[in-house]
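To start, the structure itself, in structure tokens.
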Amino acid sequence: MKILLTGGGTAGHTWPVIMVGQSLQKNKRVKLLYVGSRQGIERKLSKDFQIPFQAIITGKRRNYFSLSNIWDIFKIFCGIIQAFFILFFFRPNVVFAKGGYVTVPIIFWLKLFKIPLVIHESDVMVGRANLWALKYAEKVCLGFPLEYYSQKLPLEKLIYTGIPVSPEFKQTSIKEEGRPKILITGGSQGSSKINDLISEILPELINRFEIYHLSGHRDFEKLQKFKNPNYHLFDFSLEMPKFMRDADLIITRAGASTLTEIAAVGKPSIIIPLETAANEHQVGNAQVFQKINAAVVCSEKNLTANSLKTIINHLMADEKTRDLLGHHAKSFFRPDAAEEIINTIFEVVRK
């Protein structure tokens, strides 16, 4: 059986595809090909996990005037031509698409080649590429329970699978002695807003807590001025599962994959959704955690460094509340998400 995987651009879009691919690799009858963009993180992760990878040219459509839109039309056209030849020579039995602009050229040809499609949507607001792909899909795997989706979706195609995460998030950690630990992350690309807020209160936090800070590349250099044995700064790290497992509190954006990882480790969090994200999907994701009392959610418009410090101090002084938030987050986690997605893919192929 040949399965083509596609999707990516960010770590949040890519990791679930990689986890599904890693599980599929255990089946010797399955041959995989990951199609992604040349610039996306999917190229590196595919290589790390030994999943065959082929890059195509990608472009995107913006909702505002830009000369880049003209160039991107040409890039999309080139990607569509590349996708035709990839499908012609690889001849997959099914395509699994995660969303993102890189999926569009592949999905464009599926009706011609009569190849079935399974898509996965992590966010509570379905993204533009997946909304377009809905009409071609046999099944749509969802990262959140169905009741949280406000968009009109084809119910007969929907299945709640959850979001696959690395098995390392499911491991247990032995509580270490020492200062309470706070993990700060703005996602794989970092968040300047969170970094700026934290930098204002960092000297006070370092005096009381051990801080693990994943800043992203943009702000990494300027944050290096804070030198302290209790402050651990990274632009990016593959040790995120350990950092999350060991943390007493996590401060984060509201990417669906990050929230699922927090659920996997059952930790309390302060969520600051990126309000300018497409379709306000991060706001929607954060609201789900707020509804199930799994996190403290803050609007970045109204959040100041002092108000963030107050929330941190309140939570760090209240272990009972932290335990309750972590317990509610854990109840959201679906540990067999990758297997459920794979079962859905195989079911579509059998039909």
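Note: Cβ is positioned from N, Cα and C throughout, glycine not excepted.
Listed in TrEMBL for this protein:
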type	residues	note
DOMAIN	3-140	domain 'Glycosyltransferase family 28 N-terminal'
BINDING	Thr10, Ala11, Gly12, Ser188, Gln282	UDP-N-acetyl-alpha-D-glucosamine binding site
TRANSMEM	70-90	transmembrane segment
DOMAIN	182-340	domain 'Glycosyl transferase family 28 C-terminal'
*Which of these binding-site residues has the least crowded Cβ, counting other Cβ atoms within 10 Å: Thr10, Gln282?*
Thr10
*Looking only at the domain 'Glycosyltransferase family 28 N-terminal' (3-140), report the model's average pLDDT.*
91
_On a simple 10 Å Cβ count over all chains shown, which one of the binding-site residues Ala11, Gly12 is most densely packed?_
Gly12
